[in-house]
Amino acid sequence: MADQLGTLLRRLRRRSGLTQERLAERSGVSVSTIRRLETGSSGDHRRGTLGLLADALDVGPEERAQLLATPATTRSEPARVPQPQEPATVPAARVADEPDHTAAQRRRPPAPGRTAPPVLAAAADELAIEVRRRWQREEEHRRVHDPFPLPVRWQEAPALLTDHAENIQRLLPGATSHTMDLSGDLGSVAEVYRRVSSGRLVVLGRAGSGKSILTIRFVLEFLKSRAPGGRLPVIFTLGSWDPTTVALRDWLIDRLVRDHPQLARTAPGGATLAAALVDADLVLPVLDGFDETAASLRCATLRALNDTSLPLLLTSRADEFAEAVDAVHAPLVWAAGIELTDLTRDNLLAYLPRTARPIVDGHGHGHGDGHGLGRTGAVWDVVLAQLRDSEETAASVNLAGVLSTPLMVALARTMYSEAPDRDAAELLDTERFPAEHSLEEHLLAGFVPAVYRRAVPERPVGRRPPRKRNRDPEHAERWLGYLAHHLVRLKRQDLAWWRIGESLRRSTRVVIVVAVSALCAAAADGLSTLLLHQDTFGRTLVRAAFTGSVAGLTVGAVYAIMIALGNEIIEPAPVRLRLPGRGRGRGLGRRTVRTFIARFGTALLGGFVLGVGNGCGRAVQGTLYRDLPLPNGSVAESILIDMLVFEVIFGVGGGLVFGLLAVFEAPQDAASAATPVSLLASNRATVVRQVLFLAPTLTLVVVFGGSLIVHLFPGSLEPSAWGVSDGLRAGAVYGVAGSLTYALLFTAWGQWVVFSRVWLPLTGKLPWDTDAFLDDAYRRGVLRQVGAVYQFRHIRLQHHLGRSFRGRRTAYASDRRGRETRRTPRRR
């Protein structure tokens, strides 16, 4: 009886000292299922479910047999008829006669339900709330449930792409494996995952088949039954990982800190909370997009994943995964696999009509009935009639093939269901669209113009309205094409605002850096000379030009060296400024020490180059104004003295100040959870505070440090060479110019302003309000948010926009060459 089963299960659970939530976390069976079993409200259940519970309870052979032999377990599961709005269940393999396994026979991975330290448990719970909120918002933004979720079905993946059943079930030698039940639907994907004893599942499917939607639903369903302090799933875009340079653990930690800045706080033991969560097995990686890694890295990626026993869920296109498995001669170890299947015509017949709302004309009169409302789904009538017809035509076969993936259905819905002036019957025109590929290109090409022709979406609460409410579709497509081309060229999917400047050539960036730093130094020198020395305007301009040139070349040289060393990309620091001793653990963290060393070293290099440049400049000045021969001993001595003085004052002193800034930095709190917009705002606020700290501090260091150096070397430097007035002027110039140069060129926000908000809009590649444009593209559904970065809605859309941008650029260049050729007179 069901009551007998519930009584037995409750007694065994209480004897083990487990709550229903802890048992669910340890067994992989949902809390709701356990509750129904214990209360007797579940008369139909599977033998495999009870086997998982028996394993988690660590019962002996007799109690296990008693639990599995309960009369209620022998009842068959009634067939369930899927409703039109529900995904149909496709059986992969039913659990029929599952052999009994004792706990000694089964080698299970470490139980995720083990007790975690309170600090880590609290951090995990905090992260779970943030992850749930983020992906619920993303699911709503993608309108997954409007009007209802498209069916996502699957079947078992080919046996050659999965491990042996004994390995998946983590059995000891001699134990007999049982048939795994991987059947389910979109709403039960988390429960299907929990049936995999190894905790490793591969989800295969062709482009646009719904893998990303499945991962989002998996995260949300998994979190529903997660016990407090238990393991939580986090989605990672696998295409950004290079396993040949970064270990999996380190990459996971870096992504966590980037997307969740509060995890940069120090945990017990000195590591960050992100590192502690990963090491404590409290993070379940959901690795999305194995196929989106570079082709040359896929084998290395698979080998690196096989070198770890970390439970995970991996998604990939089937062909790319199969090629990697064949090259490595091994699948993902311990992993079961499912493969998503295509949508059917019945799915389209049920879904498409409900996406087209009633049509009302401008006078309030409808089309199709007498009540002022048009007939729902009329835009699809001709298409659906063709799909419903038993006699297949070339048009219906092509269209059914294209609309067999959720991606293409979503594109078609946007173009036709939400645009009453478009006629979906044009999709049946075989002269325009003779093959499936031409239909797909038509849907991809029409998506961006369609979303930019409709009304602008509402802005979130608390945000200022954008300066431009509507954008020209042609301009928007060109700007998005430039960004897509930039990502395709770099083989990336993450559109990070602080890396948009990478789309410029390195030589262009160096020239911009030289110009900006020269302007900062020249402006600071000119203002300080006018205010403190009250010199003539002409001499002030000459002096400012000299100072700006030296400073610009110095900073440009340092930036070029950073590029040569591969350090030209500056990540946005997930930090805020606060007084020392507030909220900090004992001692300085490793991140603080590394930051101090890096900044001190850069300042030393800058001081050396500045000394050389200043000495050479003074030599040129002496030649021009005092007729001194350039190659003489006094000039060489002057250069050496300048090198020493500037290295000590500006190099050592500046290095100490910039390094000291790291001591005042603390990780962001949980309230500053990273989205592209919030990370940009917080980084801007941090940079402003850094400038307010650096400007006066650098000024004081130069004023007092210069006086100290002059008095330490009385034989080489006269005290008059560094008087109070000279010291104040030099300190003011270095303080203002140094802090502004650092803010604009050596911070993520500064490079965003210089490259993405000024230079790229100036050259027409991006709009002037780039941040508002990206946010607007997200709200229109062209982009999606993945933590602190944007991504295009689908990789196929990214490649299409990049390809279109390259085509337009090539056509423009060819046309321009043709015009120049026609204008060039022929020689006789």
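Cβ atoms are placed via backbone N, Cα and C, with glycine included.
What TrEMBL says about this one:
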{"type": "DOMAIN", "residues": "9-64", "note": "domain 'HTH cro/C1-type'"}
{"type": "DOMAIN", "residues": "199-292", "note": "domain 'NACHT'"}
{"type": "REGION", "residues": "70-117", "note": "region 'Disordered'"}
{"type": "TRANSMEM", "residues": "510-532", "note": "transmembrane segment"}
{"type": "TRANSMEM", "residues": "544-566", "note": "transmembrane segment"}
{"type": "TRANSMEM", "residues": "640-664", "note": "transmembrane segment"}
{"type": "TRANSMEM", "residues": "691-713", "note": "transmembrane segment"}
{"type": "TRANSMEM", "residues": "733-755", "note": "transmembrane segment"}
Please indicate, using numbers and ranges, the residues of the same chain that are 6 or more beyond the transmembrane segment (510-532) and have a C-beta under 8 Å from a C-beta there. 504, 540-541, 543-545, 547-556, 559-560, 563, 725, 728-729, 732-733, 736-737, 740-741, 744-745, 754-755, 759
In the same chain, which residue numbers or ranges, 6 or more beyond the ends of the transmembrane segment (544-566), come under 8 angstroms Cβ to Cβ? 506, 509-511, 513-515, 517-523, 525-526, 529, 602, 605-606, 609-610, 613-614, 617, 621, 733, 737, 741, 745
Could you give me three numbers for the domain 'HTH cro/C1-type' (9-64), the DSSP helix, strand and coil residue counts? 39 helix, 0 strand, 17 coil
Take the domain 'NACHT' (199-292) and average the pLDDT across it for me. 90
